[in-house]
Structure formats: C-alpha cells, structure tokens
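Novice: Quick paste from TrEMBL:
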- Cys12, Cys107, Cys203: [4Fe-4S] cluster binding site (BINDING)
- His44, His85, His135, Ser231, Asn233, Ser274: dimethylallyl diphosphate binding site (BINDING)
- His44, His85, His135, Thr175, Ser231, Asn233, Ser274: (2E)-4-hydroxy-3-methylbut-2-enyl diphosphate binding site (BINDING)
- His44, His85, His135, Ser231, Asn233, Ser274: isopentenyl diphosphate binding site (BINDING)
- Glu137: active site, proton donor (ACT_SITE)
Amino acid sequence: MQIIRARVLGMCMGVRRAEELAREAATKAFQEGSRVYTYGPLIHNPQAVADLESLGVHVLDAKAIETGTGELPDLKNAAVVIRAHGASLAALSRLHELGASIIDATCPRVIKSQRLARHYEKLGWQVVLVGDPHHGEIAGILGHTSNALVVDSPKMALQMAEKLKDHPCALIAQTTIRQEDYDAVIEVFQAHVKNMAAEKTICPATRERQRALIDLCGQVDAMLIVGGKNSENTKRLYASAIECGVPAWHIETASELKTEMVKFARIGITAGASTPDFIVDEIQETLSNMV
Ligand code: SF4
C-alpha cells in the first residue's frame, strides 16, 4: 500500500506560532516556578491540548473571564497565552486586572481584522462581521468594537442590508469561512447599501488545504482526514473528500485506524489546520505497520 500525504496539510502559521509561544512559556514557567494558562483551549485538537497540559499549560475558562462569573484560579504572576483567534479588549483588560501577564499569540491575520474593525468604527461606518457568531475569532473582533454586527447567512444579510441601506458599511469576514459564503453576503450588501467596503480577510490556509485535498483525491483510492472532531476546517476537509467520491474517514488518533483501511492500494492523508505534526506522523507510521 502506498501512503501519500497532501502537499499542504496540518497546522497553519497562526496555530503553529501560538503553540510554539505556549511551549516557550511552559519552559520559562517551569524554570521560574510560575504558572501558565491559555485563554480557552489553544488549539481545536484534544490531543494537542492534552500534550500542552502535560507540560503544565492549563486551559482557562474563557467564558468566566468574559462574563466575570464562575471559578478562576489565582492569576497573579501567571502567564496567559491568548490563542490565535484573539480575545476581546474587555477580556484582555480583565486579565490585566487579575494580575496575569499576557502572551499575545493572536494570529497576525486576526490582528489585521481587529484593526480594520476599529478603523471603520472610528470613521463612523457600520462594521459587519461575516461568520459564525459563536466562533472565538468573531467574538474577539466584536469585542474590539462597540457596535459591530454579525451576519452568518445571505438571508440574515438581506434583513440587515435593508435596514442599513443609507449607512456606510464595512464587511469583514471571519478568516476561515468559505469565499463563496462571503461573496453571497457581499452581493446582498452591494445590491442594497449605497456605500460599502468588503475587506479581503479570508485566510488562504483553509483554501490551500482544500485544494491540496481535492488534487490528492484524484490520485488515491481512499482518504484519511486527521484532526479534532471539534475542528470545523477538518470537518470541511472530510466533507470535500466525500464529495470527491472517495471512501474517507475523519480520525483524531492512530487508535481509530481500522483494518479495512489497508485494503486500498493508495491511501491519501491530510490534516486540519490545528492538527499537530506528531499525530499525522504517528498515524502514517501505524498505518504502514498494519500492511
Ligand atoms: S487559519 Fe489563517 S488566520 Fe486562522 S490562525 Fe491559521 S493562519 Fe491565522
């Protein structure tokens, strides 16, 4: 059996950088006898979170910080790593008040979206974020403005655009949404709002992994998609493999490999943007030993 990796797979620049910063913080905390936390799970991958936990990097309840409710550990002199999705200004100032030192691992692309949102708001434009209102990135950008709105479908965009027709509007997309979904919302605003801007904030990382997967599907008999079951971009990779018509499995670890997978002559492997390299390596090695 031949195992072929997608030409682009696994951790994106932003998640890789956040993970490296957390590891550096763990080493420093170990040497100094201090503590290190991440603002919510750093990565949408349970194995990567468990790996960091084994180094002493604990997960803080981001909701408890945002809402000021719930139990929190003593954060005086502790370091808190902000994940690639970023955090709201209110959350950052609350962490400061609690005595934490902040290690900002917000992805530079997300920082750009936060800056754009503040910029348009200062100009008096209505900021409209296009994406999932429950996603950490959208919640974070929202918290850099005082009155931004969120839209997640063309239907919702239509209701909003009709109300905002005389107001200048700036659209900012969640970095990980599909270009087609953003374009559909842009089209609605263009048709109803006199003065509007649509910023190009979609990150190419998701698209590159999608394209590499589709190319690979044409060369293999089956696909393994590796990544957290809670990772949206991994779920989308799996859906695309199915659409390509190849048998596919979405797995998190090597323990989910099945004997039926080794009956194929060529099997492809790809991984979502939050999957650490060690998991992909382990799966590839275990699979080749099963033949
Ligand atoms: S997907 Fe893109 S924007 Fe999001 S963390 Fe990765 S590199 Fe940054």
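Placement of Cβ uses the backbone N, Cα and C atoms for every residue, glycine included.
Remember, predicted model here, so these are calculated numbers, not experimental data.
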Novice: Using a Cβ cut-off of under 6 Å to any atom of ligand 1, determine which of the binding-site residues Cys12, His44, Cys107, Thr175, Cys203 qualify.
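Specialist: The binding-site residues passing the 6 Å Cβ test are Cys12, Cys107, Thr175, Cys203.
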Novice: Rank the binding-site residues Thr175, Ser231, Asn233, Ser274 by how many other Cβ atoms lie within 10 Å of each Cβ and give me the one with the fewest.
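Specialist: Fewest other Cβ atoms within 10 Å, among the binding-site residues Thr175, Ser231, Asn233, Ser274, is found for Asn233.
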Novice: Using C-alpha atoms, which one of the binding-site residues Cys12, Cys107, Thr175, Cys203 comes nearest to His135 (dimethylallyl diphosphate binding site)?
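Specialist: Closest by Cα distance to His135 (dimethylallyl diphosphate binding site) among the binding-site residues Cys12, Cys107, Thr175, Cys203: Thr175.
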Novice: What's the CA-CA gap between His85 (dimethylallyl diphosphate binding site) and Cys203 ([4Fe-4S] cluster binding site) in angstrom, rounded?
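Specialist: Approximately 12 Å lies between the Cα of His85 (dimethylallyl diphosphate binding site) and that of Cys203 ([4Fe-4S] cluster binding site).
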Novice: Cβ distance under 8 Å to Cys12 ([4Fe-4S] cluster binding site), same chain, sequence separation 6 or more: which residues?
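Specialist: Correct list: Cys203, Ala205, Ala273, Ser274.
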Novice: Using CB atoms and a 10 A radius, I'd like the single residue among the binding-site residues His44, His85, His135 with the highest neighbour count.
Specialist: His85
Novice: Whole-number answer please: how many Å between the C-alpha atoms of Glu137 (active site, proton donor) and His44 (dimethylallyl diphosphate binding site)?
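Specialist: Spelling it out, the Cα of Glu137 (active site, proton donor) and the Cα of His44 (dimethylallyl diphosphate binding site) are 13 Å apart.
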Novice: Other than Cys12, Cys107, Cys203, which residues of the chain come within 8 Å of the [4Fe-4S] cluster site, judged by Cβ distance to the Cβ centroid of those residues?
Specialist: Met13, Gly14, Val15, Ala84, Arg109, Val110, Thr175, Thr176, Ala205, Ala273
Novice: Could you say whether, by DSSP, Asn233 (dimethylallyl diphosphate binding site) belongs to a helix, a strand or a coil region?
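Specialist: Where Asn233 (dimethylallyl diphosphate binding site) sits, the three-state DSSP reduction gives helix.
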Novice: If I take the alpha carbons of Asn233 (dimethylallyl diphosphate binding site) and Thr175 ((2E)-4-hydroxy-3-methylbut-2-enyl diphosphate binding site), what is the distance between them in whole Å?
Specialist: 11
Novice: Who sits close to Cys107 ([4Fe-4S] cluster binding site): which same-chain residues at least 6 apart have their Cβ under 8 Å from its Cβ?
Specialist: Met13, Gly14, Val15, Arg17, Ala18, Ala84, His85, Gly86, Thr175, Cys203
Novice: What other residues of the same chain, not counting His44, His85, His135, Thr175, Ser231, Asn233, Ser274, have a CB atom within 8 A of the CB centroid of the (2E)-4-hydroxy-3-methylbut-2-enyl diphosphate site?
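Specialist: My list of surrounding residues reads Val15, Ala84, Gly136, Glu137, Thr176, Glu232, Ala273.
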Novice: If you count other Cβ atoms within 10 Å of each one's Cβ, which of the recorded positions Glu137, Cys203 has the most?
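Specialist: Max Cβ neighbours within 10 Å, all protein chains included: Glu137.
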